[in-house]
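**Q** Okay, so Swiss-Prot annotates it like this:
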- 1-20: signal peptide (SIGNAL)
- 23-58: region 'Disordered' (REGION)
- Ser54: phosphoserine (MOD_RES)
- Ser105: phosphoserine (MOD_RES)
- Ser108: phosphoserine (MOD_RES)
- Arg127: arginine amide (MOD_RES)
- Ser150: phosphoserine (MOD_RES)
- Ser152: phosphoserine (MOD_RES)
Amino acid sequence: MKSVYFVAGLFIMLAQGSWQRSLQDTEEKPRSVSASQTDMLDDPDQMNEDKRHSQGTFTSDYSKYLDSRRAQQFLKWLLNVKRNRNNIAKRHDEFERHAEGTFTSDVSSYLEGQAAKEFIAWLVKGRGRRDFPEEVAIVEELGRRHADGSFSDEMNTILDNLATRDFINWLIQTKITDRK
């Protein structure tokens with residue numbers, strides 16, 4: 001983002017310099033005035049055109065001045081933003097705890113993967129045990145809490161797991177004739 005502002009400021013400065021050079025070149029060229037044109041200078045209509053030209057030159061010079069002021073203000077603004085951003089970034093880094101959040105996220109992903117593997121292994125074994133040790137599972141799941149303190153989310157997960165286990169136990173224990 002800094003480089004975009006830098007390139008924009010550089011472009012404005014180059015454009016301003018090229019406009020100034022082209023205007024200086026046109027002003028420095030000598031104008032040849034023929035005899036017929038000197039006769040026109042006595043004409044009042046020609047005086048109005050000269051007046052308009054001088055007004056246009058003044059407004060052109062004034063607009064060049066305003067453009068240069070805008071470019072200077074823009075560069076000052078860019079420098080201030082850069083200075084302020086460095087101070088804000090330093091303060092922000094002091095309070096950021098990205099590494100801790102990443103660790104808890106990785107651990108919870110690992111634990112979820114392990115639980116899925118255990119469930120699949122249990123299904124493949126042919127439903128060896130018909131009941132779950134629910135008391136041990138509840139204590140174990142309550143012991144695994146995230147660092148961010150999302151207690152209600154964990155309770156919902158535990159309750160969903162208990163409901164799923166009850167449903168699986170019901171499916172296993174009921175006879176096929178009772179299910180119809």
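Including glycine, each Cβ sits where the backbone N, Cα and C put it.
For each feature listed, report its degree of burial, its nearest neighbours and the pertinent distances within the displayed model.
**A** Ser105 (phosphoserine) falls within a helical segment according to DSSP. Less than 8 angstroms from the CB of Ser105 (phosphoserine) sits no same-chain residue that is six or more residues away.
There are 14 other Cβ atoms within 10 Å of the Cβ belonging to Ser108 (phosphoserine).
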**Q** Who are the chain neighbours of the signal peptide (1-20) in space, where the CB to CB distance is under 8 Å and they lie at least 6 residues beyond its ends?
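**A** Residues 64, 67-68, 70-71, 74-75, 78, 81-82.
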